[in-house]
Amino acid sequence: MGVELMDSSVIWYAMLAVVVVALVFVLFNFNKVKKLKEGNDKMVEMAGIIRSGAGTFLKAEFKVIAIIGVIIALVFSLFVEATSGITFLLGGLMSSLVCIIGMKSATYANVRTANKARESLSIGETVKVALSGGSVSGIAVQAFGMLGLLLVLIIWGVDPHATSHGLVANLECNPSIMRITTYSLGCSIVAMFNRVAGGNYTKAADISSDILAKIRHDMPEDDSRVPNVIADFIGDNVNDIAGNCSDLLESFVATIAASIMIAVTLFINGIVNVSDETFIRMIIFPVILAGVGLIGCLIGLSYAFIRKMGDDPSRELNLATWISAGITVILGLAASYMMFGNVPLYEDMVCGWISPWISSILGIVSGIAIGSITEYYTSDKYKPTKKLAEMAIEGEAFVITKGDAIGSRSTLLPILIIGIALFISGKISGTYGIAISALGMLSFVGATVSIDAFGPIADNAGGLAESCHLEHKVRIITDKLDSVGNTTAAIGKGFAIGSAAFAAVSLIVAYVGNYTAKGEEPVLNIASFIVVAGGLIGGALIEYFSAMLTDNTIESAKLMADEGDKMLSTPGVLEGKVKPDYNKLIGMAANQALKKMVVPSVLALCIPVIGGFVFGVQFVGGILIGATIVAIPRALFMGNSGGAFDNAKKYIESEALEGHGKGSAAHKAAVTGDTVGDTRKDVVGVALDIFIKSMSTVANTLASLFSTITLIH
């Protein structure tokens, strides 16, 4: 008879209450932002175009995702496990809701942030508006991620001994594992499509806009005469809001799912002695840790809103993060004692009840450290980016080469931190600890996404201030917020990549446990030729995927730049007497992004399926390891070199490099570097992490089937 978790229902409902409070917080802040004034007629008009374009794109994208999602759900329910299609669609729904809410909030907050700067001329008051808009996205990520998972746990529970099969096929699997993994996979599918389509949209618009304004026609950035500029504003929301929200929601859900899967496989396998009571608590602990993290985020962000903010946006944003993390640490310690303080623990928990808490702390510290390292290599306050700006005086070749060196150098410390944290977690808490350290890093994801979403809102506000010709003193405020936003965005990308590394490793550990027979040690033999072959192919797939995304973006950017050039040749457009056809470029960006998103996204789904059913579980394990080992340093390289290129250009534009300001040869060289960096940081770098997570989630979902159905033995 299976272990019934009826005694866990109190915990599930308590966590559900926390989620409800969080959703009230989201609704309150959304309405608070929406009630603020938008500004003058020009601001209202431009903001309306951005909001409409973003909504139209999401609607078209979700139609494609819905069709593919329903097909996948039917396949799961018919051939894998009867209810797994429902949980798959639930995951997709939660991720989609977060994207829609986050996008709406950001497109309301951008113009209101610009107007608050115009009316108040106060940095602190303006920061509050942008952060309020960002907090809607951040808290929604954590709340909706937990909501879907809690519904799965409340309705079906977790039974490690249960078996089930599809409505048509009679292939047995564990329904508890299948429901949790398909819920995670539903989140993953939406995130993959959002990252691929969003990256193409935003950078095709951004690159084409920069080429027209800064290289071909020598016009100011965000000039409303440039036809591509509105598509660029929309792209910031499509990728940096919708894409980032769905990406980190998927990481958050995947780490909880991995923790539960590892607990189930440890209990079933019997290699370590996990009692019934300990097993139940191992299932509950990751959900509680996520819940106390959400409480920490609510308190940290609320404190930021009620206090009087100063003129240092970085300090205010960091304070909210530190309070959220600190409360999570304290409540996490209490949760660890409550769960494991009075039960017999298995031998892997060498430090007793405090072992899972230490693992979670390692994840939290790693996340903060990776963010700080990312800031060092990408912010113009520090030596690497300042040196890169100086190299621009020598020309484009020096800029690109130096940027590459910065990107490569920036990978070592984050990977050392990840490796050390995983090693210590494994030593003190076993495989369960690895998943908990990943969850620790993401336990206050609501705060980190809130701060990250501040960036594109501030960027849009600055762009609106420029394109609507607001006073120079308003632009000074929005520029300061934009500069901080660029840094928070770079830190957010580093955090997303670091969390993806933790999530991917925990999913690989869960995958090996899923297919290991009872009583056998869960081991993936890297000396096996099958695993080595899979590893080589997995690494090569990362390079091929990167190339596909880069090619697609550059092709789209060229088409948009050429179309924008045609519009600028229309009499009256350059003089500002005739408005360009913004909607034509918006439609072009959307069509290109949607057309080019399907093949790269489906690749992540098909590779583990084909590999598993043809060559077996060990081969897929090799693919996952090879892909993860190649993807993490490559994503860090892409993100950090791109961030350094961007901020080196802004450093020159701020006149910090004496004698080399806007329009100089050094500036033009830096613009070239920034254009190269655009596809790196906002297309490839951010998509690689979801690529490896998606493959790992697919592999976990089908691991039990790979063990029984393999073409080549």
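Every residue gets a Cβ built from N, Cα and C, even glycine.
Going by TrEMBL, these are the annotated features:
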- 12-30: transmembrane segment (TRANSMEM)
- 60-80: transmembrane segment (TRANSMEM)
- 86-108: transmembrane segment (TRANSMEM)
- 129-156: transmembrane segment (TRANSMEM)
- 176-193: transmembrane segment (TRANSMEM)
- 252-272: transmembrane segment (TRANSMEM)
- 278-305: transmembrane segment (TRANSMEM)
- 357-377: transmembrane segment (TRANSMEM)
- 412-435: transmembrane segment (TRANSMEM)
- 490-511: transmembrane segment (TRANSMEM)
- 523-542: transmembrane segment (TRANSMEM)
- 602-632: transmembrane segment (TRANSMEM)
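With pairs at least 6 apart in sequence, the transmembrane segment (412-435) and the transmembrane segment (129-156) have fewer than 3 Cβ pairs within the 8 Å limit; the two do not touch. Ranked by the number of CB pairs under 8 Å to the transmembrane segment (12-30), the listed stretches 252-272, 278-305, 490-511 are led by 278-305.
Long-range neighbours of the transmembrane segment (412-435) within the same chain, counting only residues 6 or more positions beyond its ends whose Cβ lies under 8 Å from a Cβ of the stretch, are 255, 258-259, 262-263, 266, 272, 282, 286, 346, 348-351, 355-356, 358-359, 362-363, 365-366, 369-370, 373-374, 494, 497-498, 501-502, 505-506, 509-510, 513, 522, 632-633, 636. Beyond its flanks by at least six residues, the transmembrane segment (86-108) meets 26, 29-30, 33-34, 47, 50-51, 54-55, 58, 62, 65, 69-70, 72-73, 76-77, 133-134, 136-137, 140-141, 144-145, 147-148, 151-152, 178-180, 182-191, 194, 237-238, 241-242, 245-246, 249-250, 253, 453, 456-457, 460 of its own chain at Cβ-Cβ distances under 8 Å.
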